[in-house]
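J.: Sharing a structure here in structure tokens format.
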Amino acid sequence: MSRLVFKRFSSTVTIKSAPSKAHLHAILPDSTFPHGYQLTGIHAGVKKVAGVPDLGIILSTSKHPTSAAACFTRNAFKAAPVVVSEDVLKWNEGRARAIVVNSGCANAVTGKQGVDDAWAMAKATNALLPQPGDNETLVMSTGVIGHTLPISKIIAGIQLQAKESSRTLGSDFTAWERTAQAFMTTDTFPKLRSRIFRLNGREYRMAGMDKGAGMIHPDMGPAGTTFSGNRQLHATLLGCILTDAAISPRSLQSALTYAVDRSFNSISVDGDMSTNDTIIVLANGAAAPLVDSNVREIDEETDKDSYEVFKTELTEFAKDLAKLVVRDGEGATKFVTVTVRGAPTYKDAHNIASRISTSALVKTALYGEDANWGRILAATGSIPLTTPSPYAAPPTINPLTVSVTFIPADGSAPLPVLINGEPENVDEVRAKEILQHEDFEILVDLGMGGGPETEAKYWTCDFSYEYVRINGDYRS
């Protein structure tokens, strides 16, 4: 890690470069990717640099119905691809067989033209499906807000995949990697993961990719959900997860909503919410057992045990993908887990962990490797707890029961800095050692009861000089 040191007034400021992220991307065995998918990433001309993938196409080729679920941004300025994808899922009652994504332009706040362009992308991709019927394509876009797409270039790129001589669709690692690269904007590596899991004695596969490095603080929910209050306007986190298991549409959506709340909705790079945030899951049943020539789909009401296993697998996989976004945070030098326990409810713990993770004062202290736990407490105390009922007063945090601990990731001894409201005689040298690590945890225990089900985790990073530089010239 290189360091530049200069003097500002009477203090010394050390500029640390972000550690290399190369080790976070590796070749994955072809055998770990789910059956029944064809995909590719190509350069269509959205990005200025020739040859850089900027258009991804994913097709489900399974003979069985493909279930689809998604969680979308709750931002009031939902981008055109979000609006179109919500409509597709609604009209098809949770069925879709294709995804098309472009990077380099968010197609957000682009009016009627933006919606027309998103539909054009969907229809062109839909034509690539085996036996195409009504539109079954979901759309995602990422990049700068307020610019229209070079739609003619995108449509031409999609249509090339219909020609055998130009077709690059595949199912091996190279195809998956190209597709993941097509998602990237300021990302430093393609974020791609896969796994094999067992359900009812049968082997299934799950693979996924996502993108995001800055302007990250997702708040996503099922199609049609919104929020009240003001949020900031930026972009973007995109991701998709593909599995060859068979899950009913309603249960796939239920599992994804649960998983997103504990993964993608629990990360923050800079506290800015996107107009385009989208996570999509496809489940095509290509590896599922057949019963009377039909696939038997797992459903939470008819097969609760199998559903719970799948939901757990999906949640843990989503966490893995979400953490990659934080590790690739723009200019980030730290990966920090914020854990809040002892809260009255999970929502309370999640809200407080979110506030700590987005505090500029906390994040700059992390970059400076300063164990300034007072900033953590200030963030903690700024969040009102939820009211249990309309007729009861909301609980309040008791400062005399709160504890704060720094926990290193290397397994060495944790460092308590506050115990039951009493400050410890902190070994500043030891504190500095912990915060110099790339990975560590901040544990805040409110001491208000509550079991494991009320504990929440958030994953965040520090604020660096490099973050300001990257976002200062993002459009240039």
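Using the three backbone atoms N, Cα and C, a Cβ is placed for every residue, glycine included.
Quick paste from TrEMBL:
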| type | residues | note |
| --- | --- | --- |
| ACT_SITE | THR236 | active site, nucleophile |
| BINDING | THR185, LYS211, THR236, GLU330, ASN471, SER476 | substrate binding site |
J.: I need the least crowded one of these recorded positions (THR185, THR236, ASN471), counting other C-beta atoms within 10 angstroms of each C-beta.
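T.: So among THR185, THR236, ASN471, the recorded positions given, the one with the fewest Cβ atoms within 10 Å is ASN471.
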J.: Relative to the Cβ of LYS211 (substrate binding site), which residues of the same chain, six or more apart in sequence, are found under 8 Å away?
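T.: Same-chain residues close to LYS211 (substrate binding site) (Cβ under 8 Å, separated by 6 or more) are SER103, THR142, ALA180, PHE183, MET184, THR185, ASP187, LYS191, THR236, LEU237, LEU238, GLY239, VAL325.
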J.: Is it possible to get the count of other C-beta atoms within 10 angstroms of the C-beta of GLU330 (substrate binding site)?
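T.: 25, counting other Cβ atoms within 10 Å of GLU330 (substrate binding site).
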